[in-house]
Amino acid sequence: MALEKSLVLLPLLVLILLVLGWVQPSLGKESRAKKFQRQHMDSDSSPSSNSTYCNQMMRRRNMTQGRCKPVNTFVHEPLVDVQNVCFQEKVTCKNGQGNCYKSNSSMHITDCRLTNGSRYPNCAYRTSPKERHIIVACEGNPYVPVHFDASVEDST
């Protein structure tokens, strides 16, 4: 009788441990979609020629911790509009992958580039407001942006 219970409980215990081992590392870990939003979305503001915009935003969004992120782009459009890019013109990503999409229309963005000579922990950025098409990599269910690949000028 005790052996029968052990034979039933052992696989159940193994299954529970496997599930916990699989779920635990993802607890508290930022998803790729959330990371994209943190690093690239700034729907609440319009592009700013304020020279301190990038310095403030890069710090605020935790992109200057441990190192200075060399380049970053903020998109100043509603999140739903950026998510809809995942269903627009399919293009090849810079890395050769086939999950990138180009926006049908220009979007308001701000490019942030590390200035020459800037070193961690004193990360200093050049702020460049622009209006360009964006290219994002999408994945998941729901299918959403997970990587900002590039911005391109209107070809018309």
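Note that Cβ sites are derived from N, Cα and C of the backbone, with glycine treated the same way.
Database features (Swiss-Prot):
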- 1-28: signal peptide (SIGNAL)
- 33-52: region 'Disordered' (REGION)
- 33-43: compositional bias 'Basic and acidic residues' (COMPBIAS)
- K35, R38, K69, P70, V71, N72, T73, K94, R113: substrate binding site (BINDING)
- H40: active site, proton acceptor (ACT_SITE)
- N50: N-linked glycosylation site (CARBOHYD)
- C54-C112: disulfide bond (DISULFID)
- N62: N-linked glycosylation site (CARBOHYD)
- C68-C123: disulfide bond (DISULFID)
- C86-C138: disulfide bond (DISULFID)
- C93-C100: disulfide bond (DISULFID)
- N104: N-linked glycosylation site (CARBOHYD)
- N116: N-linked glycosylation site (CARBOHYD)
- H147: active site, proton donor (ACT_SITE)
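All features noted in Swiss-Prot, drawn onto the structure.
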residue : record                      : DSSP (3 states)
N50     : N-linked glycosylation site : coil
N62     : N-linked glycosylation site : coil
K69     : substrate binding site      : coil
C100    : disulfide bond              : strand
R113    : substrate binding site      : strand
C123    : disulfide bond              : coil
C138    : disulfide bond              : strand
H147    : active site, proton donor   : strand
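The recorded positions close to R113 (substrate binding site), defined as a CA atom within 10 A of its CA, are C54 out of C54, C86, N104, C138.
Distance between Cα atoms for N62 (N-linked glycosylation site) and K35 (substrate binding site): 11 Å, as a whole number. If you take the CA of C138 (disulfide bond) and look 10 A around it, the recorded positions you hit from K35, H40, K69, V71, T73, H147 are H147. Proximity of C123 (disulfide bond) to non-local residues of its own chain (separation of 6 or more, Cβ distance below 8 Å) is seen for N55, M58, R59, T64, C68, K69, L114, given in sequence order. Listed recorded positions: C54, C68, V71, C86. The one with the lowest count of other Cβ atoms within 10 Å of its Cβ is V71. DSSP classifies C93 (disulfide bond) as coil under the three-state reduction.
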